[in-house]
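The ATP binding site annotation in TrEMBL covers Thr14, Ala15, Asn16, Gly158, Gly159, Thr160, Glu206, Gln207, Ile208, Lys209.
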Amino acid sequence: MFGMSMDIGVDLGTANVLVYIKGKGIVLREPSVVAIDRDSNTVLAVGEEARRMLGRTPGNIIAIRPLREGVIADYDTTETMLRHFISKVVPKNFFFKPRIMVCIPSGVTTVEKRAVLEAAVQAGAKKTYLIEEPLAAALGAGLDISEPFGSMVVDIGGGTTDVAVLSLGGIVVSESLRVGGDKFDEALVRYVKREYNVMIGERTAEQIKVTIGTALVSGRNESMEIRGRDLVSGLPKTLRITSAETFEALNESVSLIVQRVKTVLEITPPELSSDIMDRGIVMTGGGSMLYGLDKLIQQETGIPTYLAEDPLSCVALGTGKALDSLGSLEDSLTTLKRGSIA
Ligand SMILES: Nc1ncnc2c1ncn2[C@@H]1O[C@H](COP(=O)(O)OP(=O)(O)OP(=O)(O)O)[C@@H](O)[C@H]1O
């Protein structure tokens, strides 16, 4: 058994947590939700089980998403969640402690970074590393970022969108905005409320987005039946919503993302933007799967735009690749070993 080691990559996302183990691939994929009993202050459920409780809890139970908005809104709960997931995949009394590479939403402060690193150490890591989201996303999408050649990645998660230009294993330009899949859902909730006086839940909004939602004014012509609560009568109500309506609802948030991509292109050094013209823009993250978003970005920038092969898994796969190439990436990572932060 000597020489045995374990390398683990964690995508600590605002919507989903994914865990990757070298040699095994992605071994865990669960929503970033924790259910807490407010009376006793104990954790009742984590992940999928907790997600089923979102919006359906009695007064004493709360189901929260600790990383919502791309910041660590609730540090203790984030730590609990991270520990829970890591302990699920690392065998008890594992003699050789794993090295853990964690990807955190961009915009996280130094204090929060330290908290995540410490939580990973407490969960049993020998050494922990933090990698920035665009870097992990690019690696996971299979981009060769080690060469002196520019690539652009647009990573749209639940809470944040990162637009970055990478070259020589590092981030040259990057911008992040607090718009992602969650904002799309919220926009749909607001739309239905405004147009129909009906209140729908977040999960219904997400279903609308995934099933019939569109970022393009034309091209998708579907509709679906949804249920909510009529704000006038207070009773449940069923109504039908169309793709065209989702376009109207989503347009504002979608435009913010397109605008940010343009801004980053404007501040990208010319040699690198010419590389991007050749290679195209790669999109990762679940939010990038919104129908037509790739096409819209292509239309608005004039640059070929592609969805990565498995947008939801890119960041997790990237953390694994980063562990394989620690040597060449060390400068771009934050590490923690025995309580030091670099
Ligand atoms: N087919 C789809 N169409 C549109 N949106 C989708 C689709 N599938 C998933 N999503 C959205 O993707 C988002 C989650 O993406 P992902 O798991 O990449 O985020 P995350 O990495 O947890 O978040 P962040 O990067 O902000 O930390 C959710 O808002 C979800 O609704």
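For all residues, glycine too, the Cβ spot is worked out from N, Cα and C.
Cβ neighbours of Asn16 (ATP binding site) (same chain, under 8 Å, six or more residues apart in sequence): Arg29, Glu30, Pro31, Ser32, Gly158, Gly286, Leu312.
Applying an 8 A CB threshold to same-chain residues 6+ apart, the list for Glu206 (ATP binding site) reads Gly181, Asp185. Cβ neighbour count for Gly159 (ATP binding site) (all protein chains, 10 Å cutoff from its Cβ): 25.
For Ile208 (ATP binding site), the number of other Cβ atoms no farther than 10 Å from its own Cβ, over all displayed protein chains, is 25.
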